[in-house]
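Pulled from TrEMBL, these are the features on record:
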TRANSMEM  39-55  transmembrane segment
DOMAIN    44-545  domain 'Major facilitator superfamily (MFS) profile'
TRANSMEM  75-97  transmembrane segment
TRANSMEM  109-127  transmembrane segment
TRANSMEM  139-158  transmembrane segment
TRANSMEM  165-185  transmembrane segment
TRANSMEM  197-220  transmembrane segment
TRANSMEM  253-278  transmembrane segment
TRANSMEM  284-302  transmembrane segment
TRANSMEM  389-409  transmembrane segment
TRANSMEM  415-437  transmembrane segment
TRANSMEM  449-474  transmembrane segment
TRANSMEM  523-541  transmembrane segment
Amino acid sequence: MESKSIKEAEDHNEFRKSLEGKPYGVQKVMLMKKLGHKWDKAAVIAGIVLIAWAKNWEGNVVYSASTYITSYFDALNLASLINVVLYIVETALLPFYAKFADMIGRTEGFAVSIFFYVLSGIVQAVAPNFDTLVGGQVIYALGITGVGILGHVLIADITTSVNRGLFQAFYDFPAIINIFVAPIVGEALVKANAWRWAYSMICFCITATAIPLMTGLVRLESTIKKSDLMPQKSQEKSTLFEKIKWFCHELDVVGSLLFIGALCMILLPLVLATGYWGGWNSPTTIGSLVGGVVCAGVFCVWEWKMATKPMVPLGRWTTWTPIAGVLCCATVSVFHASNWTYHITYLQISRRLSITTSTFIDRSYDAIFLVAQILSGYLMRRFKVYRPIVFAGLALLMLGIGLMIPSRFPTSPLGFVVITQLIAGCGAGFIYVPILVAVQSSVPEPDIAIVTALFQIGGTIATSIGSSVAGAIWNNMLPTELAKHVPGEYDAASILGDITYINALPEDQYDGTVVAYGNVQRILSIASLGIAVLAFIFFLGMRGFTLSEEEDTKDEHLDEKSTEIINEKL
């Protein structure tokens with residue numbers, strides 16, 4: 001009996017030593033994983049899946065109604081601006097949420113993000129003008145960024161590398177229901193002139209689905225406190241000023257501000273220069289671009305020479321796989337955003353499709369993407385490799401994009417359009433999850449949150465760049481194409497910004513509009529295919545390795561120790 005007590009004490013000390021030196025939030029994650037009751041963990045997993053479903057649901061409803069929402073504000077040609085603002089803010093927030101979750105905790109991170117998520121729904125639902133809607137997107141980014149990254153981080157916290165791909169794929173899979181149901185709801189809201197309810201749904205859906213997640217997390221936190229195994233927080237930095245200084249130091253606030261400043265000043269002119277800022281030679285456009293380049297240069301110097309807690313801790317990583325993987329997926333995101341930003345608008349105008357039908361066709365890419373993710377996760381678990389799967393995905397994606405070029409002619413069969421969507425979506429599904437798993441498995445455990453943030457940062461920057469490119473091509477080329485193909489007189493602002501006006505045009509003018517929209521959309525597909533070659537180059541920089549199950553054995557051993565400790569404590 002005495003020897004058993006000695007062994008328990010040794011296990012107790014060993015477990016506490018394993019927590020030393022790790023950030024406070026990471027310590028709580030380790031204790032949650034080892035000491036949590038299975039039903040609390042089940043509630044957390046169910047909550048993650050439910051809130052992911054709700055996030056995707058509201059996104060699909062809003063997306064299906066987006067053409068008419070922007071038309072309501074006479075801003076159809078500025079659809080890309082919403083995406084650019086959203087992704088710029090997300091880019092700045094991703095490292096913040098990753099470090100916040102590591103320093104403070106996953107529970108607190110989810111609570112903050114859910115609050116802003118719900119608030120954004122209220123702001124956008126009552127928006128009186130387009131500027132307020134864009135402002136609501138900033139608050140929306142504060143919420144959806146945290147919910148998105150922390151879901152993936154929690155999955156990475158509790159899975160091994162060989163199983164991680166399957167779990168990450170299942171995280172998104174329930175969204176496949178939304179792809180087919182949400183457009184019906186979106187069209188019904190538009191027909192009832194009640195599109196504001198698309199944003200109001202955010203408040204109800206996110207709040208309801210967050211309850212099981214927060215309940216499970218709070219109960220796990222309670223278990224940790226009762227165990228008395230959590231190391232005491234340092235009593236230093238007791239003053240408010242010192243706490244703020246420490247927090248800013250840990251989050252690299254200077255680097256973050258320089259980063260978001262550079263993105264805003266470089267990307268926004270691509271969308272706003274022609275229509276709002278007086279052209280590329282205006283002082284506003286030139287000043288913004290110069291300021292962005294200066295901020296980007298200062299940011300690089302700061303991160304390289306001066307930051308003690310840089311946004312990307314490259315010095316701790318022994319391989320270039322994380323960076324190459326991020327760049328590969330980022331390149332995919334660039335040509336995805338540039339090709340699909342105006343795709344649903346093109347479908348509704350060029351083929352007179354309803355909201356539901358056009359959204360179904362547009363989202364067929366996402367449906368096969370989700371199915372392909374499950375298949376790629378299974379293949380990784382079965383064969384314990386990832387590079388051949390990514391290679392096949394890149395080949396399929398480039399084939400799909402290439403076939404989209406002839407499919408953009410308004411006379412091409414609608415079935416041809418759908419086939420190209422399915423091929424490209426299957427390829428993308430074979431790319432995303434395997435690269436995410438490779439990136440997460442290539443860094444030390446304390447860096448999982450930050451490398452997941454880096455992965456999503458790459459995607460958001462790339463998407464904002466792609467949306468900006470799409471907006472620049474669309475807004476600069478479409479007026480010229482319309483002038484070339486549309487006969488007679490027409491309202492230039494309305495033919496660019498209002499789908500209702502376009503549908504009411506005389507037949508000859510409408511046919512010319514269809515040709516103009518189709519030509520510009522085809523150019524977007526050509527540009528996307530040209531960018532795709534870079535993805536292969538970055539893929540070659542990723543190291544191949546066998547996905548391991550060794551963590552399982554170690555976890556089982558630690559779980560036995562943890563069970564003894566928690567039983568003794570409770």
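The backbone N, Cα and C atoms fix where each Cβ goes, glycine too.
TrEMBL labels come from automatic prediction, so no person has curated them.
A contact between the transmembrane segment (415-437) and the transmembrane segment (284-302) is absent, since fewer than 3 of their C-beta pairs, 6 or more residues apart, lie under 8 Å. Sequence-distant neighbours of the transmembrane segment (523-541) (same chain, 6+ residues past either end, Cβ-Cβ under 8 Å): 320-321, 323-325, 327-328, 331-332, 334-336, 338-339, 341-342, 387, 390-391, 394, 397-398, 401-402, 404-405, 408, 469-470, 473-474, 477. Taking Cβ pairs closer than 8 Å, the transmembrane segment (449-474) reaches residues 26, 77-81, 83-84, 87-88, 90-91, 94-95, 97-99, 101-102, 148-149, 152-153, 156, 263, 267-268, 270-271, 273-274, 311-313, 322, 325-327, 329-339, 341-342, 435-436, 439-440, 442-443, 520, 523-524, 527 in its own chain, all 6 or more past its ends. Same-chain residues lying 6+ beyond the ends of the transmembrane segment (284-302) with a Cβ under 8 Å from its Cβ atoms: 254-255, 258-259, 261-269, 272-273, 277-278.
The stretch in 165-185, 197-220, 253-278, 389-409 that contributes the largest number of Cβ pairs under 8 Å to the transmembrane segment (75-97) is 253-278.
Looking only at the domain 'Major facilitator superfamily (MFS) profile' (44-545), the predicted model's pLDDT averages out at 84.
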